[in-house]
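Pulled from Swiss-Prot, these are the features on record:
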BINDING   His22, His107, Tyr196  Cu(2+) binding site
BINDING   His185  O2 binding site
DISULFID  Cys77-Cys199  disulfide bond
DISULFID  Cys118-Cys122  disulfide bond
CARBOHYD  Asn121  N-linked glycosylation site
CARBOHYD  Asn159  N-linked glycosylation site
Amino acid sequence: MPSTKVAALSAVLALASTVAGHGFVQNIVIDGKSYSGYLVNQFPYESNPPAVIGWATTATDLGFVAPSEYTNADIICHKNATPGALSAPVAAGGTVELQWTTWPDSHHGPVISYLANCNGNCSTVDKTKLNFVKIDQGGLIDDTTPPGTWASDKLIAANNSWTVTIPSTIAPGNYVLRHEIIALHSAGNADGAQNYPQCINLEITGSGTAAPSGTAGEKLYTSTDPGILVNIYQSFGAANGAVATGSATAVATTAAASATATPTTLVTSVAPASSTSATAVVTTVAPAVTDVVTVTDVVTVTTVITTTVL
């Protein structure tokens, strides 16, 4: 085989290997029932793909959204995303297990989840009208040996799955759950972070009243956020705001050095304290509130603590 063909074949195989390493949410489990995600490696090639709760995308290369695209609608639910035709019921306070395809262990980074109220039918919602509030975040777990142990590593260890608890205080309605991994292995370079957003439709039931206004998807991040432009082999800053009070992941502040970020996340009214505790990535401290307030982040993460969930 001529050397030029060998070189071309090597390049193709290298690209295929890289692409194959990236993932997407293929299945969702709620109250013991399984729901298919949007199978981007299968459905786009079918003449009549099934209706699912996952949002369709054109990211057939299993690629990512780069920081240079953060003001583009693709950051909301991935490339050219369109709403899922179905919604899955879940009670406020219930859990949603998101099962990814195999995630590469080299792609270290946080795992973050948001909710946005569709204020109507999620199957026809305009994604640019959605406003997201963060309900769950995992980041740096152990920085003893750089690049450290990350939420992505925890996801891999859990058979490539991540479980999100729906806030017990959230008002009932139709919501989009935006769930993503941000790979930071190349984030020391400008435009090097890699966002892999995934969206599913939920019908949340319950008697909660919390209705935080949230943040538009195109305003969740900037390309120079401390948690986006960062060398994980040296330091880390949390990507975007705090987790809403009442969520499964609570947050607190402890940092040897810190920087502030633009407030983007809202905190809902607090629920009565429970005895449940969860491991929290150190990102911010939210004051006790009785209404919706804005929180300014402390973004440098240096430790992991255990705190009581409200």
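Heads up, the Cβ atoms here are built off N, Cα and C, so glycines get one too.
Cys199 (disulfide bond) carries a strand DSSP state (E or B). The Cβ of Tyr196 (Cu(2+) binding site) has 24 neighbouring Cβ atoms from other residues within 10 Å, across all protein chains displayed. Take the disulfide-bonded residues Cys118, Cys122, Cys199: by the count of other Cβ atoms within 10 Å of each Cβ, the lowest one is Cys118. When the Cα atoms are compared, His185 (O2 binding site) and Asn159 (N-linked glycosylation site) turn out to be 21 Å apart. Ranking the binding-site residues His22, His107, Tyr196 by Cα distance from Cys122 (disulfide bond) puts Tyr196 first.
The shortest Cα-Cα distance between Cys77 (disulfide bond) and any of the binding-site residues His22, His107, Tyr196 is the one to Tyr196. In this view, Asn121 (N-linked glycosylation site) is surrounded by 11 other Cβ atoms within 10 Å of its Cβ, with every protein chain counted. All protein chains considered, the CB of Cys77 (disulfide bond) has 28 other CB atoms within 10 Å. Of all the recorded positions listed here (His22, His107, Cys118, Asn121), Cys118 has the Cα closest to the Cα of Cys199 (disulfide bond). Taken residue by residue with DSSP, Cys77 (disulfide bond) is part of a helix. The two recorded residues, Asn159 (N-linked glycosylation site) and His22 (Cu(2+) binding site), show a Cα separation of 15 Å.
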